[in-house]
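Scroll down for the structure; my scribbles are underneath it.
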Amino acid sequence: MDLTRRPRRLRQDRVRGLVSETSLDPSDLIAPIFVDATTDERLPIESMPGHERVPIEQSVARVEEVLETGVEAVMLFGIPESKDAEGTRAWAEDGVIQEATRQITAETDAYVITDVCLCEYTDHGHCGPLEEELRSEGHGERCAHGHGATLTVDNDATLESLDRIAVSHAAAGADMIAPSGMMDGMVAAIREGLDREGYEHVPIMSYAAKYESAFYGPFRDAADGAPSFGNRRHYQMDPANAREAMREVRLDAEQGADVLMVKPALPYLDIVSNIRREFDHPVAAYNVSGEYAMLHAAAEKGWLDLEEVALESLLSIKRAGADLILTYFAEDVAEGLSRNR
Ligand SMILES: [Zn+2]
């Protein structure tokens, strides 16, 4: 037996830090915030303990709480005061995200990233206006209202809306735009819109490989964005596919995405790792609501130590190759990191 090689030598307390390959810093984290135009008080989100929907006038206070923990960036999601088939409140100048962004950027130093999609703004909950699917067999979704048409999201009409939303967010002061709808050509459409209106300096973080995942469940309570019929598998990716993710991501990179995101994170670390190897862009991973909720539920039962599993989850996402992580744990983990310094 050859025991001249002993990896345990480097696991002694005083050397562990020196040889640590991955580190986590509050500046790696982005905290998602829910701004709700339908409420005038903070509403706890039951399936996401510690998170709330806040009214527009509380959005600055909410962001200040995030900044106090050492996290410097927030991602804004909006719940509009009303919805329609086209999602027109998504690009309204006095829309929920536009108002919140103006206030937050005027009063804080937070780096403000805005989610650009239509599902929270359409009354049917899909990520764009609908059209009848021409090749109906097995592709579209039967409309729940039973009028026989097979419906799907109209990709190219959605691109026009995404252009308007992105420009309206940039005009309100958004620092970065994050399209999440998985429409073909969305990054190019938004880049073109931003450049045309003089926002060449505003980067795009594309949800480049976004899977049709059951881990989004709690978010749909939070953002009130569950589709009223069918599901999103016509535009979000099949969890079975890894090679397709590379094709998706390559298209977004070619269209000018500045940051490439994978969503969800933990069940898709292979995708994070593949993208890290293939591209030199910053890679983001979205540690989604279900990943957060399941750890909280287990911790509530006393089965897991919440702080430790949260930290280990985020560390594993970074180790897989993510540079930045969107996570509902941002504040708690950032506080823990500064406490242990
Ligand atoms: Zn959407």
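For all residues, glycine too, the Cβ spot is worked out from N, Cα and C.
According to TrEMBL, the protein has these features:
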ACT_SITE  Lys210  active site, schiff-base intermediate with substrate
ACT_SITE  Lys263  active site, schiff-base intermediate with substrate
BINDING   Cys117, Cys119, Cys127  Zn(2+) binding site
BINDING   Arg220, Arg232  5-aminolevulinate 1 binding site
BINDING   Glu248  Mg(2+) binding site
BINDING   Ser289, Tyr328  5-aminolevulinate 2 binding site
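Other than Cys117, Cys119, Cys127, the residues of this chain whose Cβ falls within 8 Å of the Cβ centroid of the Zn(2+) site are, in sequence order, Leu118, Glu120, Tyr121, Thr122, His126, Gly128, Ser180, Gly181, Gly225. If you measure from the Cα atom of Cys117 (Zn(2+) binding site) to that of Tyr328 (5-aminolevulinate 2 binding site), you get 20 Å.
Classification of Cys117 (Zn(2+) binding site) by DSSP places it in coil, neither helical nor stranded. Taken in sequence order, the recorded positions Lys210, Arg220, Glu248, Lys263, Ser289, Tyr328 that lie near ligand 1, meaning a CB under 6 Å from one of its atoms, form an empty set. Annotation: no recorded positions among Lys210, Glu248, Lys263, Tyr328 have CA atoms within 10 angstroms of the CA of Arg220 (5-aminolevulinate 1 binding site). Within the same chain, the residues at least 6 positions away from Glu248 (Mg(2+) binding site) whose Cβ sits under 8 Å from its Cβ are Met182, Ala208, Ala209, Met237, listed in sequence order. With a cut-off of 8 Å between CB atoms and residues at least 6 apart in sequence, the same chain places His126, Cys127, Met182, Glu212 near Arg232 (5-aminolevulinate 1 binding site), listed in sequence order.
Rounded to a whole number, the C-alpha distance linking Cys119 (Zn(2+) binding site) with Lys210 (active site, schiff-base intermediate with substrate) is 14 angstrom. Recorded residues Tyr328 (5-aminolevulinate 2 binding site) and Lys210 (active site, schiff-base intermediate with substrate) have their alpha carbons 18 Å apart, per Cα-Cα distance.
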